[in-house]
Amino acid sequence: MEGIKLSFPPETPPPLSVIAALSLSSSPVTIDSSSSAATTVPTFVFSDGRKLSGTSVLLRYVGRSAKSLPGFYGHDAFESSQIDEWVDYASVFSSGSEFENACTRVDNYLQSGTFLVGHSLSIADVAVWSALAGSGPRWESLRKSKKYQNLVRWFNSISLEYAEPLNKLATYTAKKPSGKTVSAAPRTKDQQADNANDKGKPEVDLPGAELGKVKLRFAPEPSGYLHIGHAKAALLNKYFAERYQGEVIIRFDDTNPAKESNEFVENLVKDIGTLGIKYERVTYTSDYFPDLMAMAEKLMQEGKAYVDDTPREQMQKERMDGIDSKCRSHTIEENLNLWREMIAGSVRGLQCCVRGKLDMQDPNKAMRDPVYYRCNPMSHHRIGDKYKIYPTYDFACPFVDSIEGITHALRSSEYHDRNAQYYKVLEDMGLRRVEIYEFSRLNLVYTLLSKRKLLWFVQQGLVGGWDDPRFPTVQGIVRRGLKIEALIQFILEQGASKNLNLMEWDKLWTINKKIVDPVCPRHTAVIEERRVLLTLTDGPDEPFVRMIPKHKKFEGAGEKATTFTKGIWIEGADASAISVNEEVTLMDWGNAIVKEVTKDEEGRVTALSGVLNLQGSVKTTKLKLTWLPETNELVKLTLTDFDYLITKKKLEEDDEVAAFVNPYTKKETSALGDSNMRNLQRGDVIQLERKGYYRCDVPFVKSSKPIVLFSIPDGRQHQPLAAN
């Protein structure tokens, strides 16, 4: 490789992978990044004037030419092809929206391997390693976490084993002679937007937090499935735990037996796993019932709590008006006697509750003697009929937070008025203070986040269950086709802001599109109703099959078998737009000229006839048509579209749900699909050409039963479904 010069202009990022490969292979190439470099992309300039340009091209050239590193470009044709795939894929790391998605893929791939290809270092490793090294702080922050253990192990191993040659990259990853900081890769407008979005991530400090000592909890009530609002709380806990090298515990706040069940517990654990939240352990508030009862009794003995038998409506009115209850002056003995009646679940006990003796005249009504305990004879889903009394959230939460060693309790800002109460309860209990950190509740348009109202939809049979794709539950939105990476990015972009916003779904689905579009396979479907047969008179007399990429820009999507026949199906809407003698483009085939258009008495097109013109230019045609071959191998599809469940942008707390139910929220359309869709698995995401993105909900079972595909929003303006 003597007599070769690597040239790239100073204003562009250096080709780190090429420089690393040159250094590793000890190739005698001169590097020129001066302002006189007459190139716009990285280029090898040979002594005889010949040139090679482009990072991937140069990297492959170094791989083929390196004599000192056997297998640097693979030991056989198969390994070389695998290396090509990884070299192409490495560019994904330069996209802000796909960075962690790419990290996840490589991390999974490296579970059982030391190198990306074969059993030795190759330019595949160099390409991906350099992409990570060049991404700067983003990779360094992830590298310190425990999220990508296989990827970090691989990265560190290469960094240590090849430290001397790779250290030469420091010149190019820090500052160039001009003093300008060099970024990892050229940034497109989309990537610049992603970078701007990164600024919205929570870069705030937890008060009093110490590295390695932060302990957080995510404490859902097991009275429903995890929804997108809970997900925000869960993911922020995860974020801060990773940032401060702390830990998260999961605690089920199971203090209301009337609403809770084991089904909800099991599915909450499942959803927490779906979100990728690593937790130290699972606890239950019910584990602390004996301690909570002892604390309530202690507070009564100290005159800091009392038993009240005031009827509920009167009690609420007295709290609003700041009037002391007649029971506030009970003696300790009177309180303890009534307390025992409550524990027994007697008729007298059922009339009572325990209240904290705080300040009935406090302007903050949350401080006006809140209820600590209620009598409830219902069986508990976990501990049966052992107890007849249950603590309230206001009493149990601060107690268990402190006892479990929680350092920071993350709560949504809707609880702001109860923060003073939280601290006062801890003070009266004589327990260690826990810092509260507030964040804004996530509110989305036309979306119910009240578990009570969601349960109503389930009970009324208006949805298929808690995992219905119209529901904002984690299971529902994942079933609709949302990638968890998109949800995480969406929530972290909002950060720990305390501003209350009513957000559109469009932004979330736009992020999702950026994740699925670069990798999801492309397939073809034709609406079954009014489809039209186009007969190509000079088409193939015998069908033939050609393998074509499922995704033209991502080899990892694989290939699909496309059958070419004399007769092809196109959609009725496309057929009605075609004029006689018009030239059209048949996607993945070429041009054709339509010679005849046959219509029925109502003017609907029923048949078309034409000839191929494969030499015709795609640029000259107005219509680019999707089509399917006339074969019996096509599969039946049901394409399902969804709409919002309610018609009001934001339901208020006292709104009656039934008054705002959207009567038309699901539309099913019969279609035919290409035969390759027989291989779809439940959960696979695809793009139907010219239709949009879909998630497979019911895969192929038999020819008579359709594959069910759910339409995935792509972030464009929402269009309400119209009744048939």
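Cβ from N, Cα, C; glycine included.
Annotated in TrEMBL:
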type     : residues : note
COMPBIAS : 187-204  : compositional bias 'Basic and acidic residues'
DOMAIN   : 104-158  : domain 'Glutathione S-transferase C-terminal'
DOMAIN   : 213-516  : domain 'Glutamyl/glutaminyl-tRNA synthetase class Ib catalytic'
DOMAIN   : 520-609  : domain 'Glutamyl/glutaminyl-tRNA synthetase class Ib anti-codon binding'
DOMAIN   : 624-697  : domain 'tRNA synthetases class I (E and Q) anti-codon binding'
REGION   : 177-205  : region 'Disordered'
Two-stretch contact, the domain 'Glutamyl/glutaminyl-tRNA synthetase class Ib anti-codon binding' (520-609) and the domain 'Glutathione S-transferase C-terminal' (104-158), at least three Cβ pairs under 8 Å: no
Residue distribution over DSSP helix, strand and coil in the domain 'Glutamyl/glutaminyl-tRNA synthetase class Ib anti-codon binding' (520-609): 8 helix, 45 strand, 37 coil
Segment-level pLDDT (mean, integer) for the domain 'Glutamyl/glutaminyl-tRNA synthetase class Ib catalytic' (213-516): 94
